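Now, the feature entries from TrEMBL:
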type	residues	note
DOMAIN	A:84-275	domain 'ABC transmembrane type-1'
TRANSMEM	A:12-32	transmembrane segment
TRANSMEM	A:88-110	transmembrane segment
TRANSMEM	A:122-145	transmembrane segment
TRANSMEM	A:157-177	transmembrane segment
TRANSMEM	A:197-222	transmembrane segment
TRANSMEM	A:254-275	transmembrane segment
Amino acid sequence: MAVRKEIQNPAFYALIAALVVMSVGPIALMLATSFKTNIDVYDASVPAFFFSPTIKNYETVLCNFLWYEPAHVDYCDPTFGRALNNSLIVGLLSTGLTLTIGCMAAYALVRFQFMGRGTVSMGTLLMRIVPPAVLLVPVFGIWTFQYGLDQTYAGIILIYTAMNLPFVIWILQSFIVQVPIQLEEAARMDGANPFQVFFLVVLPIIQPGLAAAAIFTFRIAWNEFLLANALSGRSTRTAPVTIVNSITEYDIDWGVIMATGMLLAIPPILFTFVASKQIITGMTAGAVKG
Amino acid sequence: MILALLYPIGYMIYASFLDWSPSQRIGQAEFIGIRNYINLLGDAAFRESFWVTIRFAAIVVTLEMIVGVGLAMLLDRNIRGMVLLRTVFILPMMIAPIVVGLMWRYMFHPTVGIFNRMLKSFGFEGIPWLADSTWAFIAIVIADVWQWTPFIFILALAATQSLPRSALEAAEIDGANEWQKIVMIKLPLMMPVLIVTLMLRLIDVFKVLEVILVLTNGGPGLSTEILALRIFRTAQEFQELGEAAAMSNMLLMMLMVLTIGMFVYNRVKEAHVAQRRAVIEKDND
């Protein structure tokens, strides 16, 4: 059937506009607030969106990365900047590790017949069911007392890798299945060894799958709070943990905290615009296909 | 892999029998049998937070299903920019739950929050959003509905758009109006997808923790302390790892029952369909 663009009634567009405002509004408000001084935030006469913006909050948050010294910062508190840095390290390393293990495991599961195929989809499902709060006690206990990995990057990275692996393997499997086996056979005929076949033939073909998996893994590692809170020490805290720590106090510096929140929200928002199709596919996988 | 899964679970079951604080190694903790479970069942606070969880899950999932499916029905048309629209709608799910909590906490703020400012500019009294137990519950429901309705909307939209057009055209020829088409054809045909969606959402709703932690930290009183949050606080603030483990086990069992229910439902459904098919074939013979 030909897709035709219908002319809809104006109420319909009004509804869509209202929905867009509702879903983007809070984010826009956060963005606006992050450019306000604390005085403006508490002054009722300053409107929510139209005011004179300032980047002071961002300077405060990122003060230990700036090449100049902002005039209004008396004492540079490195907590937020360091936390963002930690988040970045943890996110990137755990994504890298997950993808490396994941693509090899997925390839093995697709190309070689052995038991464990069912286990992967079962593992994906289980990982979806188990709330992170349930993992808290065993992970904390095992990591701290048996591996001695608490307060290090390694501990956090390890748990994120373990959490994401089943899903990543599962997603990559569906991409590897589509790689024609003839291509690999041809490469082998030309004298490529198994590693060359994998790295030079298979990996370039499944690049879109790798990108999707990377986005999913990075987002989870970047956004996660609960386990990071239990496992990180003073110097390895990730950004969500520092945000929670700083809002338990009564006097909240909204501008600064909104600036941190915004910095934390930017990567996921970017990913959403770049790869919304893959994200929706990943999100709906299993529900629609059945 | 099985070992990797079972080890933490076994560890947790063992831990749930201990009186254990984080400063002790697990071997030093005192073995107290099932006293943790007995304490929990007798603990009014635990029962309260159990009911809060059930209430929260029921209300949130019902609201999200109604709004999400309703919107999917309304927006199931060919319009330009649908891809961009869907992208915009999934934004709330993509950003960190902590940040979502932060945004809503700012908006619910008694003096600087946008809701109370708006109410006051219209001459109404401000609402004590996060300080009153009823309003706090409403506040976390609003935040969760905002964050997760798009999930249901997108799944439902995908389901409506993959419906067989022939059935709808047949209904149109028979003179069905829009409303009849939705109630009698679209919804029944979408039912399998909707039920899976419902189950997925129901499983996820027990994970919601960060948003509530930032918004209310379970308070005022215990009015918004759902089970996952209680586990977190028991382990983190009260340092009772054994009790937290016992609670985790209970939550896990609840979720297992849900999941097994989902599987059984699917099996029964399949068996039912197979049976019907067999009957039809017999009739044809």
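Using the three backbone atoms N, Cα and C, a Cβ is placed for every residue, glycine included.
TrEMBL does not curate its annotations; it predicts them automatically.
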Checklist entry - Counting Cβ pairs under 8 Å that are 6 or more apart in sequence, does the total for the transmembrane segment (A:254-275) and the transmembrane segment (A:12-32) reach three or more? => result yes
Checklist outcome for this item: When counting C-beta pairs under 8 angstroms to the transmembrane segment (A:197-222), the leading stretch of A:12-32, A:88-110, A:157-177 is A:157-177
Item to check | Same-chain residue ranges lying at least 6 outside the transmembrane segment (A:88-110) that approach it to Cβ under 8 Å | outcome: 116-117, 120, 153, 156-157, 160-161, 164-165, 168-170, 172-173, 176-177, 198, 202-203, 206, 210, 213-214, 217-218, 221-222, 228, 238
